[in-house]
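Participant: The structure that follows is given in the form of structure tokens.
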Amino acid sequence: MEGKILTNIYNFNAGPSALPKSVLLEAQESMFNYKNSGLSVMEMSHRSPLYEEIHFNSLNKLRSLLSVPDDFEILFLQGGASLQFAMIPMNFLTPGKQAAFVLSGSWSEKAWKEASRIGETYILASTKDEMYRRIPEVNFDSCKENTAYIHLTSNNTIFGTQWPSYPIKDPNIPVCMDASSDILSRSIDWNQMDLVYAGAQKNAGPSGITIVIIRKSLMETANSHIPTILSYNTHAKSDSLYHTPPTGSIFILGLVMKWIEEQGGVEAMRLHSKTKGSLLYQTIDESDGFYVGHATESSRSSMNVTFNLRNEQLEKQFLHEAKAKGFVGLNGHRSIGGCRASIYNAVPLSHVESLVEFMKNFQKTHV
Ligand SMILES: *Cc1c(COP(=O)(O)O)cnc(C)c1O
């Protein structure tokens with residue numbers, strides 16, 4: 001069975017992205033005949049005890065890995081992180097209030113634009129005019145009085161920046177964070193957060209499932225005059241089984257959680273990412289300007305490493321040769337170009353080492 005998975009491919013895709021090989025193999029086996037039930041996971045009723053076991057196992061493992069306290073609800077929703085751009089304001093941005101946005105990249109801009117269609121918003125800080133090379137300096141004390149919540153993006157997938165640490169929270173203003181591209185790669189201080197969400201397809205599992213972790217006391221303040229399916233309370237009341245959940249995705253997410261546990265948990269993932277990131281950034285820094293990193297050093301992401309070569313033609317050549325050697329997904333996002341290596345949890349260190357070797361060789365032959 002091992003042989004069915006190509007081993008000469010290095011997956012640096014930005015999302016959907018690499019999954020642990022052992023997870024794929026286990027999924028392949030248990031999908032077909034789950035626990036000798038004669039049913040694959042995708043063929044069973046979401047109301048059956050067999051599925052319920054899968055569902056609650058995934059929820060519980062996620063809770064344990066991220067040390068989510070009991071006063072937070074964990075929801076499994078659909079619609080991706082993008083639906084959360086709309087759902088958060090629909091639930092909490094009521095008339096007379098304003099939502100504060102920290103703009104640190106394209107996804108935070110999208111979140112801000114979507115909220116602005118629903119209610120009043122303002123920009124608390126932005127590094128847009130610096131091409132989002134760094135995380136803005138921000139002080140939560142400077143929020144307006146009628147602020148409904150502050151919205152942050154923990155890791156900027158497209159520009160390759162990540163918050164090294166967060167400002168101290170004002171106890172009266174909820175903080176909502178899009179952690180789509182770095183969830184489960186470092187711990188979360190739940191005293192500083194009220195709602196954390198993530199599309200699973202970068203660091204937590206396959207696409208089709210969105211994680212929302214929300215403080216119960218915040219959820220109780222939500223607007224109840226919105227469609228039932230868009231209300232957090234609806235999903236919380238029914239343990240994310242209000243309607244048919246994406247059962248297959250939730251199953252695989254559970255396998256990824258088990259894999260992270262086996263690797264030593266979130267702290268092990270953090271150290272692993274740091275090692276992988278350092279290798280790449282060191283290669284960039286020691287290239288005498290052959291490779292130029294996009295992010296300012298203090299804002300560098302340990303999930304998405306973005307860089308340029310001296311001109312577009314050389315970048316094209318780099319991507320072309322990389323592709324021929326089995327490196328997948330190294331092209332930058334279509335909106336900004338350049339190169340990007342996404343080194344999420346499931347990307348093995350050996351793949352990063354191979355990339356580094358390729359980068360050094362490419363430089364030698366193209367000076
Ligand atoms: C990928 C990504 C999104 C979009 O996620 P969807 O699940 O496709 O809606 C939003 N925010 C961040 C930070 C992302 O990386």
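Count begins at 1; order follows the chain as displayed.
Using the three backbone atoms N, Cα and C, a Cβ is placed for every residue, glycine included.
Annotations in TrEMBL come from automatic prediction, not curation.
Relevant sequence annotations retrieved from TrEMBL are reproduced here:
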BINDING   R47  L-glutamate binding site
BINDING   A81, S82, W107, T157, D178, Q201  pyridoxal 5'-phosphate binding site
DOMAIN    9-355  domain 'Aminotransferase class V'
MOD_RES   K202  N6-(pyridoxal phosphate)lysine
Participant: Starting from the Cβ centroid of A81, S82, W107, T157, D178, Q201, which together make up the recorded pyridoxal 5'-phosphate site, report each further residue of the same chain whose Cβ lies within 8 Å of that point, ordered by sequence.
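Facilitator: In sequence order, the nearby non-listed residues are G15, G80, S180, S181, A198, G199, K202.
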Participant: Which of S82, Q201 (the binding-site residues) has the most other Cβ atoms within 10 Å?
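Facilitator: Sorting the candidates by Cβ neighbours within 10 Å, the top entry is Q201.
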Participant: At the level of the C-alpha atoms, what whole-angstrom distance separates D178 (pyridoxal 5'-phosphate binding site) and K202 (N6-(pyridoxal phosphate)lysine)?
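Facilitator: So the Cα of K202 (N6-(pyridoxal phosphate)lysine) lies 12 Å away from that of D178 (pyridoxal 5'-phosphate binding site).
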Participant: Can you give the largest Cα to Cα distance in Å, as a whole number, for the residues A81, S82, W107, T157, D178, Q201 that bind pyridoxal 5'-phosphate in the record?
Facilitator: 15
Participant: For A81 (pyridoxal 5'-phosphate binding site), which of the three DSSP-derived states applies: helix, strand, or coil?
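Facilitator: In three-state terms, A81 (pyridoxal 5'-phosphate binding site) counts as helix.
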Participant: To the nearest Å, how far is the Cα of T157 (pyridoxal 5'-phosphate binding site) from the Cα of R47 (L-glutamate binding site)?
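Facilitator: A Cα-Cα distance of 36 Å.
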Participant: What's the CA-CA gap between A81 (pyridoxal 5'-phosphate binding site) and R47 (L-glutamate binding site) in angstrom, rounded?
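Facilitator: That separation, Cα to Cα, works out to 26 Å.
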Participant: Quick one: Cα separation, R47 (L-glutamate binding site) versus the residue listed as 'N6-(pyridoxal phosphate)lysine', in Å?
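Facilitator: Per the Cα atoms, R47 (L-glutamate binding site) and the residue listed as 'N6-(pyridoxal phosphate)lysine' stand 28 Å apart.
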Participant: By the DSSP assignment reduced to helix, strand and coil, which category contains R47 (L-glutamate binding site)?
Facilitator: coil
Participant: I'd like the number of other C-beta atoms within 10 A of the C-beta of T157 (pyridoxal 5'-phosphate binding site), please.
Facilitator: 25
Participant: Calculate the per-residue pLDDT averaged over the domain 'Aminotransferase class V' (9-355) and state the result as an integer.
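Facilitator: It averages 97.
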Participant: Taking the Cα atoms as reference points, how far is W107 (pyridoxal 5'-phosphate binding site) from K202 (N6-(pyridoxal phosphate)lysine) in Å?
Facilitator: 14
Participant: Among the recorded positions listed here, R47, K202, which has the most company in the form of other Cβ atoms within 10 Å of its Cβ?
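Facilitator: Sorting the candidates by Cβ neighbours within 10 Å, the top entry is K202.
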